[in-house]
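Below is one structure, written out as structure tokens, with a few remarks after it.
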Amino acid sequence: MILSIESSCDDSSLALTRIEDAKLIAHFKISQEKHHSSYGGVVPEIASRLHAENLPLLLERVKISLNKDFSKIKAIAITNQPGLSVTLIEGLMMAKALSLSLNLPLILEDHLRGHVYSLFINEKQTRMPLSVLLVSGGHSLILEARDYEDIKIVATSLDDSFGESFDKVSKMLDLGYPGGPIVEKLALDYAHPNEPLMFPIPLKNSPNLAFSFSGLKNAVRLEVEKNAHNLNDEVKQKIGYHFQSAAIEHLIQQTKRYFKIKRPKIFGIVGGASQNLALRKAFEDLCAEFDCELVLAPLEFCSDNAAMIGRSSLEAYQKKRFIPLEKADISPRTLLKNFE
């Protein structure tokens with residue numbers, strides 16, 4: 001088995017993945033959402049301290065699941081990039097300690113690659129080549145994945161990420177963090193879902209394949225300010241619905257532009273923001289239009305987790321891509337290449 005560790009942001013997670021058939025044997029996770037909610041976003045120093053507290057607790061649960069028999073573990077895998085430096089280092093320190101004390105090889109894994117492999121948790125075979133939309137609090141990307149060592153970034157956001165824009169809109173409406181499920185609930189509760197959109201679709205006439213949410217976010221801010229003295233539930237629902245609809249339509253329009261160029265046969269959607277049901281439905285319709293198979297990450301493995309890191313690290317294990325402890329380090333940025 002591979003013991004994998006994830007601590008790139010505000011989720012502490014450990015998992016055990018069986019090498020022979022890629023079966024997820026155990027998955028443990030502690031979310032920090034309630035600790036960051038009052039701040040409207042993740043506070044790195046708080047996240048780091050909580051990882052230092054939570055990771056040892058999760059390791060104890062791993063010990064119990066193994067009956068304290070670590071002989072079944074053949075490698076340690078850790079997310080080392082991209083992410084918050086102060087949280088990545090907490091996971092790396094645990095991984096190094098386990099690697100040294102158990103005399104096991106160490107695998108460094110890219111967090112974005114891990115999200116791609118969340119599509120294949122519990123599956124021995126992957127479905128590559130495929131194209132992937134990654135939407136989360138930190139990223140809005142289209143990726144092309146040909147194999148483990150050949151994953152390229154085709155499109156990215158020029159400013160805010162998809163998930164980050166939901167967080168900021170929720171904060172404008174004084175509704176808390178994380179904003180994704182809050183804004184989604186507003187949209188679901190809105191009583192007039194078929195009216196024309198009140199916010200502009202970003203980059204609608206731009207020839208560039210990219211994402212942008214800052215203009216849409218600013219349009220929401222102006223609407224909130226206009227209704228400052230009458231920001232009741234119905235107004236909040238209306239803003240939430242129209243913002244979400246415009247944000248998803250932007251993703252659809254840009255991805256459709258990509259589809260017309262590349263005509264992918266398989267398209268995956270991953271990342272924490274991919275739990276949004278309206279987004280999933282919109283992409284079901286888009287993929288049906290282009291006769292493209294849609295593959296969705298399971299809802300429980302959309303947000304950051306060690307199970308996806310365990311699944312991706314199986315590929316590294318087979319290729320013996322091990323890193324000496326003295327060379328193991330972290331990076332706040334991904335090393336995945338931009339498409340050339």
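Cβ coordinates come from backbone N, Cα and C, glycine included.
According to Swiss-Prot, H111, H115 bind Fe cation; the candidate from D304, D329 that the record adds to this site is D304. Among the candidates D147, D150, D167, D285, the one that Swiss-Prot lists alongside L134, V135, S136, G137, G138, G180, N276 as binding substrate is D167. When the alpha carbons of D304 (Fe cation binding site) and S136 (substrate binding site) are compared, the span between them is 9 angstrom.
Counting every protein chain shown, 24 other Cβ atoms lie within 10 Å of the Cβ of N276 (substrate binding site).
Using the Cβ center of H111, H115, D304 for Fe cation, the list of other same-chain residues with Cβ within 8 Å runs, in sequence order, E6, S8, T79, L112, G114, S118, S136, G271, N305, M308, I309. Residues L134, V135, S136, G137, G138, D167, G180, N276 are recorded as binding substrate; their most distant pair of Cα atoms lies 17 Å apart. Just so you know, the Cβ of G180 (substrate binding site) picks up 26 other Cβ atoms within 10 Å once every protein chain is counted.
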